[in-house]
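Student: Below are the structure tokens for one structure; questions will follow.
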Amino acid sequence: MSVKSVVIATPDAAQRKRLGLVVDRMSEFEVIAQTGDLMNTYNVVEERLPKAVLIADVLAGLAEFEVMRALFSTLDIRWLVVTVPNRRLRRPAVGGSPRSDLFSIPTDAPDEVYERQLRALTRTGLNPRPAAKPNPLRPTETPHSHLTRGAPTTNATRPLITTVKVQDHLTRTSRASQADPRTPLGRDPIILIGASTGGVDALLAVLTRFPQDCPPTLVVQHTGSGFGESLASLLDRQCLPNVLLANGPMPLRRGQILVGAGIRAHLVLDGRAATRVTTVADGPVAGHVPSVDRLFLSALPVAPRVSAALLTGMGRDGADGMKALRLAGAHTLAQDEASCVVYGMPRAAVELGGVDRVLPLKKIAEALLARRKTNVGPGREVQK
């Protein structure tokens, strides 16, 4: 009988100990790592590919869990939320994927209940969604695996993972450099996308339909500080174009998607020629840093070359910028209410008169890419 691997994720040391002892008493399961926050949980799960994750409700209730949950769905890793009775927390975002059903168990449940739940949850084999492209430098061990190599997998010797992985970022940067996609000549289309609550699943649905030589694409997704690298890594795994976290001045290239998320700066087009992007440290716009409005407004000088989309999200960030883009000649789209997790940002843009077309999520990618073959000359660009 093969042993099924489990990761325990909770900031509560007592809860980690309790759950570790519970799983250790199950002959068909073993704990391979324990983590105390979402960032390290993401890294460990991506590297070790456990069969299941026991995650505390305090972590599953964070907004950043949306990225974590999308990774679970992508890799078909089962997850169980460990709840504390009478503690009111934000319900985890489960998205629209059939593999994202929410399962929970009280922290003080008897051992046999945990075992029954884990068995039911992991009954079928892993069937991860195939990656769009290989990662040749993918690590095979966690940063501290040498500490327990050859040692019994007891709770005393099992390390609490605290190191944040950076290798995937170096791999993607190297691959993007080797690909050397052509820099636009001043007339290629540019795609802009803004999203918030529910946006991770929506971005996966849209960007996985992009070809490898897609137009230069800029994305702003509201997420927690420091979680942008994880989001970029997740998208890069599943998309044919190269996906990178925006970081200072960068060239705007075909076949490349730059993500502004979890950073303390706005992602903007740099200059009238729109051949580069940069990040600008500044105050919130529409309540957010980075802001969708700030990105959209930075594209006004080249609006006729722009196709912009507002996906699911709470609030109204992006609505004003989208209206300005539309008036300046951009092609503007909004996700429809039926396919949104939260119909906030798209609704605000529609009510403001900033949207050309309202479409279901499954049609957004095709509509954004429709301008790829349109020859838009610089003479139609709007000057500041």
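Placement of Cβ uses the backbone N, Cα and C atoms for every residue, glycine included.
If you look up TrEMBL, you'll see 121-156 marked as region 'Disordered'. Among the features that TrEMBL reports, domain 'CheB-type methylesterase' is placed at 184-375. The annotation active site is assigned in TrEMBL to S196, H222, D317.
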Student: Which is it, of S196, H222, D317: the one of these active-site residues whose Cβ has the most other Cβ atoms within 10 Å?
Tutor: D317
Student: Return only the integer: C-alpha distance in Å from H222 (active site) to S196 (active site).
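Tutor: That separation, Cα to Cα, works out to 5 Å.
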Student: Rounded to a whole number, how many Å is the Cα of D317 (active site) away from the Cα of S196 (active site)?
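Tutor: Between the Cα atoms of D317 (active site) and S196 (active site), the distance comes to 9 Å.
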